[in-house]
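Data block below; observations after.
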Amino acid sequence: MNDMTPRSFDGREYPYTPQDFAAVSAMVHAHSGICLPQTKTMLVYSRLAKLVRERGLRDFASYIDLIRRDPAERQRAIEAMTTNHTKFFREDHHFRQFERDVRPGLIERLDAGGKVRMWCAAASTGEEPYSLAMSLLGPDPVEGRVIAGADVAILGTDLSGAVLDVARRGHYPAALSQDVPLDLRQTWTRVSGGTMAVAPMLRDLVRYRRLNLLNAWPMRGRFDVIFCRNVMIYFDEPTRERLVQRLVDQLAPGGHLYIGHSERIGGEAARRLRAIGQTVYRKDAA
Ligand SMILES: C[S@@+](CC[C@H](N)C(=O)[O-])C[C@H]1O[C@@H](n2cnc3c(N)ncnc32)[C@H](O)[C@@H]1O
């Protein structure tokens, strides 16, 4: 910081008012569904101050003017407000349930020449879709290769392009390998020089696309499995209800929906789903 750096009276680097917070909060909600209650006032300041600085602006009001006019900058600001925390095999009971109750039916279908489509709707940096891919392929590399060669695909989407760049690389700090069950880790990951890389076959199984869940979805086909975990917690009730309705529409009859541990299915969609485990739902076959 040099002598020319602007300071607000309350000691922050940039002037920032309750009106600025309200404007950012309204814009983020309108474009991403993410709710920013007043308790997030300082979080908004700390995440956006960096962008205000990078743009060489004097205050938040000027930055808000900019993001109103410039969709690319608005996207950067919204991405800065996302929380991308994730983990390999997070909420591992989902993967155990998938391997035990869902995978056998999917493998049978692939063996018979059918297709399997799965979707991680808030994929973040890729740990979740790669965990699902490992659970599908299983620990045996020979069987895994046969499955990967069948008509199977996993789609990973997220609002944030930055996290998807990490996901596509499939490289993680080596310490994260501890989150992967040993047998799957040995088959589908390699650790070298402090980096854990997921196997190319696993990477090829997952396609990543940027997608805002609030906008229109370009996918035409339905999915056998949808993971939409730990993103609805950031949305308000009407947004959550609309999203779950659309997820159920996008689910094939008999397909499975997995949501985060603190998320709930409410409204009309609940009538179209059967709870079959802890935050696991099956859509009734048509
Ligand atoms: C906490 S992470 C959850 C990652 C993973 N599903 C898990 O449970 O570990 C939430 C992700 O949701 C994404 N997100 C937030 N709002 C979104 C929206 N409107 N559309 C798509 N993704 C969104 C964020 O960018 C972030 O990567």
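Placed from the backbone N, Cα and C atoms, the Cβ positions cover glycine too.
What TrEMBL says about a protein is an automatic prediction, not a curated fact.
Residues Asn84, Thr86, Arg90, Glu128, Asn212, Leu213, Arg229, Asn230 are given by TrEMBL as S-adenosyl-L-methionine binders; from Asp158, Asp165, Asp284, that same site also lists Asp158. Cβ packing within 10 Å was compared across the binding-site residues Asn84, Asn230, and the lowest neighbour count falls to Asn84. Spanning the listed S-adenosyl-L-methionine site, residues Asn84, Thr86, Arg90, Glu128, Asp158, Asn212, Leu213, Arg229, Asn230 have a farthest Cα to Cα distance of 22 Å.
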